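Quick notes on the structure that follows.
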Amino acid sequence: MLLPLAWGSLFFPGLFGLCTWGLRRARPAWTHSDCVMISTRLVSSVQAVLATGSGIIIIRSCRNVVSDRHWLAREYVWFLIPYMIYDAYAMYLCEWYRTGDQNSRHSLTIFRNFLSKNRLMITHHAVILFVLVPVAQRLRGELGDFFVGCIFTAELSTPFVSLGRVLIQLKQQHTLLYKVNGILTLTTFFSCRILLFPFMYWSYGRQQGLSLLQVLFSIPYHCNVANAILIAPQIYWFSLLCKKAARLFDAPPTKKDG
């Protein structure tokens, strides 16, 4: 427990500082705000790769989806806790640099704007820290490492989401890279954050000899409720991505003569 917490507490802030310093040296024309925001995306992508890799290892190691164990299912959660705390601070830091008025950067107004703009993401982080972490580390007992691994793989879409935001930051929205990345973002988000939940139900049903519909009524009620709470914001975020994609690929209207 203590070692992953300690490593995470050093790794994520240290990586953020290193990325910011490296970008300032490599791209002196960029503002400090640009470097901070892009560094935040880079750190998020690194965490996503680590989480996805851990999830794949856990999934491949657990033949019995209920009782098989893998040490990463618990240890990576401890490593994830410092990231969630760091990421909340990084989001505020981005808001701080996004504000043009230097004299009001630390005012209550900026903090309120930060809370208003990031309500859902802050709630997401709070649920992970105060609900999912206790469930994953204590309340589930010795069962369900396979499903913890599945949840880790939901991070696969994060590098593509981050790249899209970096390209917007650099005003590269009209490039081919931005459009291709948009397609990959939609594909990975839908596969790993929405289809993930039917996959977990199907995996359990295959082992127990149950259909997907039978699984819904055979597992404890609170499991269905928890999954519904988890998938609800994913569906909302996916709808926002689809709206952005529709605007991106819509042909511009033809101008009328005269």
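Keep in mind that glycine also has a Cβ here, set from the backbone N, Cα and C atoms.
All annotation found in TrEMBL is predicted automatically rather than curated by experts.
Pulled from TrEMBL:
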{"type": "TRANSMEM", "residues": "6-23", "note": "transmembrane segment"}
{"type": "DOMAIN", "residues": "33-250", "note": "domain 'TLC'"}
{"type": "TRANSMEM", "residues": "35-59", "note": "transmembrane segment"}
{"type": "TRANSMEM", "residues": "79-99", "note": "transmembrane segment"}
{"type": "TRANSMEM", "residues": "120-140", "note": "transmembrane segment"}
{"type": "TRANSMEM", "residues": "146-168", "note": "transmembrane segment"}
{"type": "TRANSMEM", "residues": "180-199", "note": "transmembrane segment"}
{"type": "TRANSMEM", "residues": "219-238", "note": "transmembrane segment"}
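Each of 6-23, 120-140, 219-238 was scored by its Cβ pairs under 8 Å to the transmembrane segment (79-99), and the highest score goes to 6-23.
Using a Cβ-Cβ cut-off under 8 Å and counting only residues 6 or more beyond its ends in the same chain, the transmembrane segment (120-140) has close neighbours at 73-74, 77-78, 80-81, 84-85, 87-88, 91, 148, 151, 226, 229, 233, 236. For the domain 'TLC' (33-250), the predicted model reports an average pLDDT of 90.
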